[in-house]
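What follows is one structure encoded as structure tokens, with my remarks underneath.
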Amino acid sequence: VEVLTQTPSPVSAAVGGTVTISCQSTKSIYBBBYLAWYQZKPGQPPKALIYTASSLASGVPSRFTGSGSGTZFTLTLSDVZCDDAATYYCGGADYTGYSFGGGTEVVVKG
């Protein structure tokens with residue numbers, strides 16, 4: 001399974017600002033179809049934000065944008081809100097299995 005390396009935590013963001021989180025894989029993600037982004041808050045299950053690298057999951061606002069291919073992927077949060085404070089994970093698959101990045105905590109400052 002590939003190793004996924006994310007932007008180190010914490011990342012500070014201002015309300016109304018923009019945050020970019022990177023995810024780098026040691027192997028090419030299989031056809032880019034198996035790269036996803038998740039949001040996790042304390043005491044809550046992870047919430048899927050992005051699938052197939054750039055597709056928004058149902059109910060996720062368009063402020064969240066996924067991009068990238070191969071071994072380099074990015075999650076961008078625009079017009080940051082206080083509710084966006086969370087830990088964000090990328091997850092990806094190659095032919096041997098699925099793995100997750102270490103997570104990037106986003107701290108929102110008003």
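Glycine residues also receive a Cβ, built from the backbone N, Cα and C atoms like all the rest.
Annotated in Swiss-Prot:
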- 1-23: region 'Framework-1' (REGION)
- 24-36: region 'Complementarity-determining-1' (REGION)
- 37-51: region 'Framework-2' (REGION)
- 52-58: region 'Complementarity-determining-2' (REGION)
- 59-90: region 'Framework-3' (REGION)
- 91-99: region 'Complementarity-determining-3' (REGION)
- 100-109: region 'Framework-4' (REGION)
- Tyr98: site 'At the hapten combining site' (SITE)
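In the shown protein chains, 12 other C-beta atoms lie within 10 A of the C-beta of Tyr98 (site 'At the hapten combining site'). The recorded stretches the region 'Framework-4' (100-109) and the region 'Framework-1' (1-23) share 3+ CB pairs below 8 A when only pairs 6 or more apart in sequence are counted, and are therefore in contact. Secondary structure of the region 'Complementarity-determining-2' (52-58) per DSSP, as helix, strand and coil residue counts: 0 helix, 2 strand, 5 coil. Sequence-remote contacts of a segment are chain residues at least 6 beyond its ends whose Cβ falls under 8 Å from one of its Cβ atoms, and for the region 'Framework-3' (59-90) they are 4, 6, 9, 13-29, 32, 35-41, 46, 48-50, 53, 100-108, 110.
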